[in-house]
Amino acid sequence: METVRRIVKGTLLLGFCTGIGGDLWVLVAPGQERRLEMRMNYPEANPPMLAEAHKRNEMVLKVIEESAKTNENMARRSPWSS
């Protein structure tokens, strides 16, 4: 009987804590308007920043392809900025 009481007590405590966590999540989470505003500020929504990210990714892929073709350690090449 003691085991059943412990299981029920533990289950109720777990459910209570989960309920409090869910309520706090709802209180802290941003509203619909705030989520839309945040979505507009993503880099993907800004064309100049998106173009810059594409350019940076192309440069990284170029270096990776170049390093795959040679046995040289690209990390030790100087200068790094070129």
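From the backbone N, Cα and C atoms, a Cβ is placed for every residue, glycine too.
Tertiary neighbourhood of the topological domain 'Mitochondrial matrix' (1-6): none, as no same-chain residue meets a CB-CB distance under 8 Å with a gap of 6+ residues from either end. Marked as topological domain 'Mitochondrial matrix' by Swiss-Prot on the basis of similarity to another entry: 1-6.
For 30-82, the entry in Swiss-Prot reads topological domain 'Mitochondrial intermembrane'.
Annotation source Swiss-Prot lists transmembrane segment at 7-29.
When DSSP labels each residue, the topological domain 'Mitochondrial matrix' (1-6) comes out as 5 helix, 0 strand, 1 coil, counted as helix, strand and coil in that order. Across the topological domain 'Mitochondrial matrix' (1-6), the model assigns an average pLDDT of 92.
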